[in-house]
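Sharing a structure, written as structure tokens. Questions coming.
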Amino acid sequence: MAADKPHMNLAVIGHIDHGKSTLVGRLMYEAGAVPAHIIEKYKEEAKQKGKESFAFAWVMDSLKEERERGITIDIAHKRFDTPKYYFTVVDCPGHRDFVKNMITGASQADAAILVVAAPDGVMAQTKEHIFLSRTLGINQLIIAINKMDAVEYSEAKYKEVVEQVSGLLKMIGFKPANIPFIPTSAFMGDNITKLSEKTPWYKGPVIMQALDELKEPEKPSTLPLRIPVEDAYTISGIGTVPVGRVETGVMKKGDKVIFMPGGAGGEVKSIEMHHEEIPQAYPGDNIGWNVRGIGKNDVRRGDVCGHTDNPPKVADEFVGQIVVLQHPSAITAGYTPVFHAHTSQIACQLISLDKKLDPKTGQVKEEHPTFIKAGDAAIVTIKPTKPMVIEPVKEIPQLGRFAIRDMGMTIAAGMCMSVKQK
């Protein structure tokens with residue numbers, strides 16, 4: 001049923017407890033993505049408990065339970081259809097360390113819904129998520145101003161939050177005029193599939209409509225092949241099977257490929273998606289593939305697969321443009337935090353701070369600053385402590401973005417401007 005519809009990866013972002021999971025649950029429930037036998041089971045329980053929102057409650061319980069067990073939900077549970085697209089929710093993070101997922105998850109997102117609770121307005125993570133989504137190249141946003149029921153559907157409160165969020169968006173180059181701000185109550189179901197009588201003052205699109213009005217992402221199939229490895233399995237009778245998402249390019253059965261930085265390579269014997277063999281894989285496909293002559297020790301998470309004649313770049317050092325989101329003191333040359341780029345996590349040293357920039361305009365404020373701090377943007381030279389694949393963002397945007405983590409938080413986000421190869 002989904003093959004004929006274009007596919008979109010959707011990130012649902014925002015501050016903890018602002019209603020991200022409830023919104024995902026509501027979207028799935030309204031889109032009919034809850035299996036019938038589950039609905040039946042809950043109908044029985046709901047009858048006994050006198051609750052009517054049984055199926056919705058089921059979605060919420062399963063999301064909550066999966067979150068508490070610390071596992072991500074099976075992909076089948078996290079997909080839903082709108083008239084035009086079918087969506088996969090790539091991440092619905094709830095924890096401080098969600099950023100890790102956001103870097104690996106949001107870099108795969110074509111669009112994001114930012115959930116901001118009306119009673120609270122903009123909070124610390126709201127800011128962090130907006131910055132990160134921009135850095136990670138998400139340029140389509142929908143803003144859900146949620147929990148409107150908690151502010152009695154007040155238009156004044158809605159306008160106040162719109163104002164706050166617009167200010168942030170402008171600061172990093174989004175145009176708020178092109179972004180829908182939708183007053184919602186995910187829990188009550190207001191303005192999700194149809195306009196709510198409780199917000200007669202709101203005339204814009206509802207969430208489902210806004211999702212359908214997103215632009216279809218361009219498939220970067222003409223770029224060189226790049227598949228960051230998420231994991232590698234050993235399957236009896238087949239051998240080593242790396243799995244990952246095709247970011248750019250096309251891989252066909254019989255192609256000669258290489259895994260960098262290790263350098264092992266061979267011929268593609270088979271490609272599988274959703275447990276079915278396919279002749280070729282395109283950007284956005286989550287696949288497993290088997291390469292002749294590749295053993296268990298030749299490939300690991302963080303490696304990148306490409307064609308032998310155009311292999312992924314391995315950086316001896318690289319120049320990055322970064323925005324410092326938060327840091328308790330100041331950052332100087334010599335700082336060695338962990339860089340998260342595609343599926344790799346590698347400690348890298350900032351060997352020089354080259355320029356300090358105005359984060360709004362990108363103009364140079366200072367050459368060779370002695371330090372940079374939260375709120376600063378900068379151009380820096382970076383040396384990975386071990387071999388690492390990264391590409392200039394102008395050449396392969398999907399492999400040019402990174403986040404810098406330290407002390408359990410995202411210190412900075414950035415993009416690679418140029419690579420000095422090993």
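Glycine too: its Cβ is placed from the backbone N, Cα and C atoms.
According to Swiss-Prot:
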BINDING   14-21, 91-95, 146-149  GTP binding site
BINDING   Ser21  Mg(2+) binding site
DOMAIN    5-221  domain 'tr-type G'
REGION    14-21  region 'G1'
REGION    70-74  region 'G2'
REGION    91-94  region 'G3'
REGION    146-149  region 'G4'
For Asp17 (GTP binding site), which DSSP three-state class applies?
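Going by the DSSP assignment, Asp17 (GTP binding site) belongs to neither helix nor strand, so it counts as coil.
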What same-chain residues lie close to the region 'G4' (146-149): Cβ under 8 Å, and 6 or more beyond its ends?
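Counting only partners 6 or more residues beyond its ends, the region 'G4' (146-149) has Cβ contacts under 8 Å with 18-19, 22-23, 115-119, 157-158, 183-188, 190-191, 198-199.
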Average the per-residue pLDDT over the region 'G4' (146-149) and send me the rounded value.
94
In sequence order, what residues of the same chain, 6+ apart, have a Cβ less than 8 Å from the Cβ of Gly14 (GTP binding site)?
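Result: Lys20, Leu114, Val115, Val116, Gln125, Thr126, His129.
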Counting only residues 6+ away in sequence within the same chain, which have a CB under 8 Å from the CB of Met148 (GTP binding site)?
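Listed in sequence order, they are Ala118, Ser154, Lys157, Tyr158, Pro183, Thr184, Ser185, Asp190, Asn191, Lys198, Thr199.
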For the region 'G4' (146-149), DSSP counts of helix, strand and coil?
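Per-class counts: 2 helix, 1 strand, 1 coil.
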Can you tell which of the binding-site residues (Asp17, Lys20, Ser21) has the fewest other C-beta atoms within 10 angstroms of its C-beta?
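Among the binding-site residues Asp17, Lys20, Ser21, the sparsest Cβ neighbourhood within 10 Å belongs to Asp17.
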